[in-house]
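In TrEMBL this protein carries:
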type	residues	note
BINDING	C:Met44, C:Gly193	substrate binding site
BINDING	C:Arg120, C:Thr166	ATP binding site
Amino acid sequence: MESKTVELRNLVKNNSPLVHNITNVVVTNFTANGLYAIGASPVMAYAKEEVGDMASISQALVLNIGTLTSTEVEAMFIAGESANKHGVPIILDPVGVGATPYRTQTAKELLNRLSIQVVRGNAAEIANLIDEQVQMHGVDSKVEINNLADLAKKAANKLNTIIVMTGKTDLITNGEILFEVRNGHPMLTKVTGTGCLLSSVVAAFCSQSDDKTTACAAAVSFYGIAAEKAIEVNQSKGPGHFQMNFIDQLYNITDETIVNNIKIKQTQ
Amino acid sequence: MESKTVELRNLVKNNSPLVHNITNVVVTNFTANGLYAIGASPVMAYAKEEVGDMASISQALVLNIGTLTSTEVEAMFIAGESANKHGVPIILDPVGVGATPYRTQTAKELLNRLSIQVVRGNAAEIANLIDEQVQMHGVDSKVEINNLADLAKKAANKLNTIIVMTGKTDLITNGEILFEVRNGHPMLTKVTGTGCLLSSVVAAFCSQSDDKTTACAAAVSFYGIAAEKAIEVNQSKGPGHFQMNFIDQLYNITDETIVNNIKIKQTQ
Amino acid sequence: MESKTVELRNLVKNNSPLVHNITNVVVTNFTANGLYAIGASPVMAYAKEEVGDMASISQALVLNIGTLTSTEVEAMFIAGESANKHGVPIILDPVGVGATPYRTQTAKELLNRLSIQVVRGNAAEIANLIDEQVQMHGVDSKVEINNLADLAKKAANKLNTIIVMTGKTDLITNGEILFEVRNGHPMLTKVTGTGCLLSSVVAAFCSQSDDKTTACAAAVSFYGIAAEKAIEVNQSKGPGHFQMNFIDQLYNITDETIVNNIKIKQTQ
């Protein structure tokens, strides 16, 4: 996986894929800067009058329901149908699914009516998408790894999509193959939008490969390594500086650093 | 007040209260990161279809009219009514009241129709809420402290709420008790959203105490101390680095630093 | 131009012009912080109920179509008509014109129905505004400088506005006079919103002078010098730290630094 991850990272940097984000108002700036840092071209467009056109010329489309409104959901369907028609992969980030019925219902409708290639969320969000009653403590801290793998695979099969389930260990599965990624750092949970940006980075990597499950695993590992390196230079500073150091690392990280720090295991 | 401030700060950190923000599009990211830094759980939700549900499961609700639209105002009323019904405290930040009739009218309607526990604003905003003609030079720089205290108490009584009036000296009053806080730093006025984030930090502290006037004073002092410490490490750098150092300090500040730097005086 | 640039920069700092921005959701925070850093007073207001009032009390109005929606476009016309009526200069940033028909059509309508003093965009955006088929490689990298100057002047005359066309060399023209500015740094292209913030800085400078073409050139040069100085302190760090260092420099830059680094040439 080292060479595949290095290859995809460099393809993103060299090809600058246009990633169309319909995302929440909290993370727009951080997402755009993170995509620029890895060499991708971010675009945000929300108007129903243009999202179809924009999605059709993009290399990937990210739908993030973090601050959804009915107007935005309408735009998501238009963009999504255009993406499907033009063979543009869609990545869904079901932020906060389970917190309110409206979120849960909207995420399910998006999955029903569109062909979505990847869903990126935490264990609670993934569980809620398939109506699983998973006993969570804090989200996923006390749940056994085997259960999470079962949950991810079940969701992948039921929703007919690749699942990227992030947590202490990140799991990536298409329902058959399963990757475990053990890169990353807990400080990521102290900065808003790190999950959302990951979804967009996954989108950028997916745009550069037909083997999207492997591309997802590579993106998640690359992202986690950048976080680890950011912590090394962050020293005793807090999440304010971490945010900047993390963007710097997404930009600066070398092939050698990837090779030396990657922790991906294909377990199934 | 030292021990009370330390206690509330640690309660926020340990209990991670869910703070629901309906806030302006300029400060969403900074607000979320600031709330994460103090250990709270931020959530932003705007859709009328879900704000009632979200407010009902939150520990505090922040209504900020910085970039209000009619759709957002509608959502504020739904969220506010749900918060009132479920005993969730509401903090109103009347950004720019007085600048346009629409803002002034909306803020007054929110105060009329909802039960709002705290209003956090500068002297000009508070004055405009109660139609006072206060002679301002730059907002509040040349107004005598006694007049400001009278203004704050008058507003608290007239609006039946706690007033947190920030300026060179911060005043907190429920109409009877009055706290003066002399922490903080002028650099806060050079970074957008520092007032808005303070309103959300006040919300987090209020969620952890029945004595909300004291909780407001504790939050304001804690916030000001973090700014003072951020300036110490900021050296000759400008507002760009200050923003990061301030988030770091909200995260890192120790009980001892609070005790050694707190400047709260109950004057009435 | 040194003394003019220094003079305008200090006028902005001392007079704190109120700059009303109707801008995209990606750059609101960065724009507000950048305007604060140069001493201006940013305000963001979007509701059709108040944009007319807000524009009328502002010293400049920025219309940025980066994430336009039909509701926002409606507000832009109301704000723009009020600005025209009250003699408030309007700066248009036609983000992404040419990417979708909706963007192109909206930008043209804004130019048709409003009196717009300045348009700030890259060569591709300017070309699309006047239906020019310019052969672009990457946006403007392989186009000869003479062609770009012709394009800028043609656009200025056809649209009856000042054109600020940014790229490797920045061109400012009212259709007759032409300034070339060679300040700046490529790292600006790695941070989202640097073009958008420049439009708002141009607005602030324009509010302080009747000679708006010169004010535009001064703003562009000042902005580029701040980027150059930010790179000097940024060392081997990436775009994360650059963003902070750039805001710091917008705040800290001295008259002497401007005089010593300015690269403006009036060529026609």
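Cβ coordinates come from backbone N, Cα and C, glycine included.
Between the CA atoms of C:Arg120 (ATP binding site) and C:Gly193 (substrate binding site) there is a gap of 13 Å, rounded to the nearest whole number.
Those binding-site residues from the list C:Met44, C:Arg120, C:Gly193 that have a Cβ under 8 Å from chain A Cβ atoms: C:Gly193. A distance below 8 A between C-beta atoms marks C:Met44 as the binding-site residues from C:Met44, C:Thr166, C:Gly193 lying next to chain B.
Comparing C:Thr166 (ATP binding site) with C:Gly193 (substrate binding site), their Cα atoms are 13 Å apart once rounded. Here the binding-site residues are C:Met44, C:Arg120, C:Thr166, C:Gly193, and the one ringed by the most other CB atoms within 10 angstroms is C:Arg120. Mapped onto three states, the DSSP output places C:Arg120 (ATP binding site) in strand.
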